[in-house]
Each structure stands twice: as C-alpha cells, then as structure tokens.
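Could you have a look at this structure, given as structure tokens, before my questions?
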Amino acid sequence: MARRSSSSSSSSSRWRYLHPAYYLKRPKRLAFLFIVFVVSTFAFWDRQSLVREHEAETSKLQQELESLRDQLRKAGVSVHVEEHTSTKNSKVIDNGNAWNGEMDPINNERREKVKDAMRHAWNSYVEYAWGKDELQPRSKSGVNSFGGLGATLVDSLDTLYIMDLKDEFQKAREWVATSLDFNKDYVASVFETTIRVVGGLLSAYDLSGDKIFLEKAKDIADRLLPAWDTPTGIPYNRINLAHGNPHNHGWTGGESILADSGTEQLEFIALSQRTGDPKYQQKAEKVINQLQKTFPSDGLLPIYINPHSGAASSHSTITFGAMGDSFYEYLLKVWIQGNKTETVKHYREMWETSMEGLLSLVRKSTPSSFSYICEKNGGSLSDKMDELACFAPGMLALGSSGYGPEKAEQILSLAKELAWTCYNFYESTPTKLAGENYFFYAGQDMSVGTSWNILRPETVESLMYLWRLTGNKTYQEWGWNIFQAFEKHSRIDSGYVGLKDVNTGDKDDMMQSFFLAETLKYLYLLFSPPSVISFDEWVFNTEAHPLKIVARNDKVEDVGEAAEAKPQSRAVIRPFGRKQGRYSSIDN
Ligand code: DMJ
C-alpha cells in the first residue's frame, strides 16, 4: 500500500509541470522555457529556408543544364556527356517523340558516314569547280548552270554549318564576302535562284548571324523583284540579273509555271522579316491572294497560269510532280512559318482544300497495293508519278497534326503508304536507285519510265519527316539503304554523279547542287536527334534550307518602301566564335 501511495504521489507531482500555475509561481523557469521555444523555432525556420534555397539553386542549375543540353543538340554535338551528368529525366521529349537522350551508336556511325560523304562531295567541288555553279565530276571541271552564282557553294553553306564542318564553312563564307557577284548579264530562273541562292543565304544568316549573308540575299532578291511587276502580281519566271527585262519561257506559250510562281513566299517573307522592308513579302503574298480569288473547289491548279489575267490554263496538267509540287508545299509551310496564326489561316485552308484534291488523285496498284498519286490531264487521270512527288509523304505527315484526330490519322496513314511506294521506286531497280518517274499502267504495279537518277532528295526528305513525326526507325533503315546505293553507284573519286540509267548503272557527269543542299542534309538529319534543327523552331524551304520561325510582323505592310531597313530582334545560333552554339538575341 505504502508503495502504491508513493507512486501515485510521484505521478501527480509529474503532471504539476503541465499546470500553468506552477510556472506563474516560478518566473525564472517560465523565462527559461520561453527562451528554449524561441531558439528551437529559429533553428527550425533556418533549416527550412536552407532547404528552400538549396531547392531553388538545384532547380536553377537544372534549368541551365537543360538549356546547355539543348544548345549542344542544336549545334549538332553528341549529347553523351550530358546524360551522364543528369540524375533524372533520362528521356528527352522532342516534337512528341521520345528520344532516349543517348545517341544510338548505329545512328552515330551512320551520320558520320553521311558527313564523310558531304566532305567528299565538298572537297571535290573545292578542288575541281571552286566558285562555279556545279561540278562535273568525271570531267573534273566546273560548269555555270545558274549564271555563275556559286550555286553549289551557296547551296552547301547551311549543310556545312549543321554538320559542324567549320573550316569548310569559313572558306565558303570568305568566297561569298569577296567573290559572289550578282551583277551578271544572265537570264536566271526566278524560282531556282530564289530557292537555292536567296534560301541558302538566308539560312546561312539565320544559323550564323553573319550579316554578309543577309546583305547578299537582299542584293539578289532586289534583282529578281521586277519579275513580279505584272497586272496580276503572278511573276514572270525569268529575268536578266543585270538588266531586268522579265519574261516567260517561249515553250510555255507565255504562261507562268505554277511551282515557279508560288514557291518564293517562305524566302521573301523571311527576307522582309529580317530586313524590316515589306516589299519582298508583299510581292510574294500577292501571288497567293490572286490565286485564292479563283481557287478551284478541289484545290488543284494546272501547271500553267496566265500572269496577265490570272487564269489557269484548263488544258494543262495537274500534278504533284514537276512544275506543280512546291506550290502545295509552300501553302503549308507559310502557315507554319507564320506561327499558324489567324493572319496565315488562308494558307492552311487552301492547303487543306488541295489535300482533298490530292486524295482524289490517289489510286492503289495491283497486285501489291502501292498507293500512288496520279496526274490529271483535262478530265482524265494518268497513272504516272514523278519521283519529285515523293516530297508529298513528308508534307502530309508535317501537316497532319493540324487536323482533328480522325482526319490526322487518315492523312498520316496516306503519308506512310506513299512513303512505302517511294521507297520501292528505289528498291525495285537493279541499282536500288529510283528513276525520274514511274508508270502504273492500268493500275498495275510500278514500272520505271524515265530511267535516270540525278541524286534527287524527295524520298529521303519524306523519310526524315516520317521518322521524326512517328518515331518509327524503319524509315531510318530505308534511308540507310538508299544512302548505301548512292555510295555504291554514284560515288567516284572526284565527287558524286547521277546515273543515266538506274537499270544499267551508267553514270552521268553532274553533281547537282541539291545533292549537297538537300539529299545529304536530310540523310544527316535522319540519323540525328530530332532537336537538331527542330520542327518547332525551323521550317525548311523546298531546297532544304532551314529558315528560323520568328514572330510574324504584319505591321511591316504599313511601313513605306523608303523606310530604313531595321531587322527585328531574332534568335540565331552563333557559329564558331566565343559563344559557340549559343542562342542570343541580336538587335541590328
Ligand atoms: C530541288 O531544287 C528542289 O527540291 C525543288 O523543289 C525540286 N527539284 C529539286 C530537287 O529534286
């Protein structure tokens, strides 16, 4: 009992510490308790803010790391190192595709092989055709097929830059600065000069930020501009670079060609954006406004248009191949270049209308079910498809995401089917290189028509788009097979040649400038991460020259022609200087 009463008294004495009266009677203890409370609250708060500061610092470092990784990828540098330093998020999402952040060793090896091909093509041009338009590899000489504008050199600038061929790029840049002269008494194609020269120079400017390229682009564009001075604004397709005097080819009966007249919008809009001078954009966009007035319900325009009346010649061919192709391509791409805003909505609407027209031209062959795009002459379809029309799968894939889900699926499926057909244009010949065009006589499987191959890019272009947009590596395999066929049949000691006949492998004597501008660039990108020249930031002109997408400045139209050129602030990748590969905003 005694023990129980002692324990009960000690427990009641323990509870007395919780009673406020206890402390009121003992102020020293109350003060002590207060101090303990204040000190521990401060210690806790201090630790929490340290954690917060640490988290903020970590997140800032993470952001910097992400930005550096992005810059490395944009500069085309392998990103092995970055992934080792990253502790989480080893997946990088690019354009909706999961890219595992590691360069696949096979892709790495393949893109090095493509880079080696570019080096070989370029070195051969330097050695035998420096400053000339194109190299004739078997004759080991140069030829001025574009009036002596250094077409191959200008067409190659951005490919050299993207492949990080620094010395080669610098040497080409010096030639542009010191020797590129447009004051030539030469009747040039407005279309070819725009897509290769204006496009090539603008792309080199966007990539490097070097103003010499912009100055030269402006010079040549100013010489082309009088071609648009027609009653409708639809341009003449030829002009003398020194004296003007625009006109059309005799063999078109004085008509303008659809592709030649509607494939300058990307370049001329970009030029207005970069110079602040609206006149280029105004001329090029007026063409589309004019064509929109009489745009047919199926969106399919014949290849000849009268520059005086604006009337399309109803007896001429409708095609997604030669002379029609890139008109449709630019409807979509101007919409992308214009950030898909309300101002450029009519481009997208016209493109969608034309894609309904394209669907009406698609047939399937027997027995292999190859989808192909027919041509149309008058009211009747012809079972013929140019290799040139093989840009269409890439264009369809690129435009598919602008539709609602069901239509997007239909358009993407068609893109995949057409890409399979185009790949088989290559696979079906003894050399595994495609002919210039194919017939599907009475709906039967393909047979080669014109059997030359001039190193064209359209199929590998589409494979690059489809690989990026679907993530399906099969397209890389197909591209690799095509590249190997070029290596086997077209590579010679002094460059790359086309084939006179894909059945026999007989060689021609021309290294087309688009082989370096397009074919090799698209192959290189096919084996590179999708963030190298990403579709979110760049749009490729029809000669594969990437143009940076910037804010569309439609106020430009209110500015008088005499207004001082004032380029807008824009992002560029600096080339090889102190801020290598770094995006920076430039105000000129
Ligand atoms: C290039 O000049 C361009 O791709 C153009 O749009 C079509 N022809 C050649 C390549 O084949």
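Just so it is clear, glycine is given a Cβ too, placed from its N, Cα and C backbone atoms.
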So Cys422 is in a disulfide according to TrEMBL. Which of these is its partner: Cys374, Cys390?
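Out of the candidates Cys374, Cys390, the one TrEMBL links to Cys422 is Cys390.
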Between C-alpha atoms, which of these recorded positions comes nearest to Cys422 (disulfide bond): Glu192, Glu436, Glu458, Thr542?
Glu458
Counting every protein chain present, what is the number of Cβ atoms, excluding its own, within 10 Å of the Cβ of Glu436 (active site, proton donor)?
20
If you count, for each of the active-site residues Glu192, Asp325, Glu458, the other Cβ atoms lying within 10 Å of its Cβ, which residue has the minimum?
Glu192
Nearest to Glu192 (active site, proton donor) in three-dimensional space, by Cα, is which of the recorded positions Asp325, Cys390, Glu458, Thr542?
Thr542
Give me the Cα-Cα distance between Glu458 (active site) and Cys390 (disulfide bond), rounded to a whole Å.
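So the alpha carbons of Glu458 (active site) and Cys390 (disulfide bond) sit roughly 5 Å from each other.
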Do you know which of the recorded positions Glu192, Cys422, Glu436 end up with C-beta under 6 Å from ligand 1?
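Near ligand 1: none of them.
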